[in-house]
């Protein structure tokens, strides 16, 4: 399949591998746009038809850059900006992701030599003045995003005064999201069951071809280091596997690595089947408490009629004797009940 280029007004659709151009160019600079291969240049366009896709009316995207439409393959857009300033800051022409090298160029009118060059981010100088017109960050991070500009003094035949370039917004895109550790089937597995830890993250669509390596940790101790699998399996969980787990996803060159939040796993012990409780053996009955005995004391009732007094007091003494006998009977029944309970439970 042959790649193609198309120039439409200010938007330039190019083949990144063969185009010699910059994101921002000075009006007096000489830039070369080159489109290789058998092409058609009708209507100031640079196109290349694909042999196998001619006549295809549907648009199909492939990869991060090019797409096909009606038999033609196009690269992603390239925006060319022409400036008439004395000094410009030239940023990267393609998207910058975490781990990439970020290179900035401070370019003067007609590439006149500069001195006392300073690069800035968000208005703060990134270093002392120098003669180098290039600034680079070997491993870009998201925190390196911001507005950059540069300043410098022209050597002859320039104006001789310090010039400052307009700010350029630089965005370092996230290569992959911070991972999240998940436990399947749950973070509270039963003892003896299996547990699978999954370190979940996703690469940026434009860098989906990159490969990540995964590591797993428990309580600060490494369980698995830099493997291609995003899962770690515990075949038979026990109480020893309870603890704090986390995972790490990293690029192959280890330039970018991110850790997941900790996940607390508590293995639940197996519950033993409930057994019927055996009642404690009944205590042997102790001696019966002393009960009052019939009293021969004279009753306290007294009437004017001696015979009535005699009959009333005798009746009261008989009632007292009955009460004492009933008390003895109740105690006997309690003792008998205490002896019969264990036999009833066993049966």
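Glycine too: its Cβ is placed from the backbone N, Cα and C atoms.
Taken from Swiss-Prot as is:
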{"type": "COMPBIAS", "residues": "276-292", "note": "compositional bias 'Pro residues'"}
{"type": "DISULFID", "residues": "106-150", "note": "disulfide bond"}
{"type": "DISULFID", "residues": "199-247", "note": "disulfide bond"}
{"type": "DOMAIN", "residues": "77-166", "note": "domain 'Ig-like C2-type 1'"}
{"type": "DOMAIN", "residues": "179-257", "note": "domain 'Ig-like C2-type 2'"}
{"type": "REGION", "residues": "272-296", "note": "region 'Disordered'"}
{"type": "SIGNAL", "residues": "1-27", "note": "signal peptide"}
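Counting every protein chain shown, 25 other Cβ atoms lie within 10 Å of the Cβ of residue 199 (disulfide bond).
With DSSP classes pooled into helix, strand and coil, the tally for the domain 'Ig-like C2-type 1' (77-166) is 6 helix, 46 strand, 38 coil.
Each residue contributes its Cα atom, and for residue 247 (disulfide bond) and residue 150 (disulfide bond) those atoms are 41 Å apart. Residue 106 (disulfide bond) sits 42 Å from residue 199 (disulfide bond), taking the Cα positions as reference. Counted with DSSP, the domain 'Ig-like C2-type 2' (179-257) comes out as 6 helix, 41 strand, 32 coil. The distance from the Cα of residue 199 (disulfide bond) to the Cα of residue 150 (disulfide bond) comes to 42 Å. Other Cβ atoms within 10 Å of the Cβ of residue 150 (disulfide bond) number 27 in total over all chains. Counting other CB atoms no more than 10 Å from each candidate's CB, the disulfide-bonded residues 106, 247 peak at 247.
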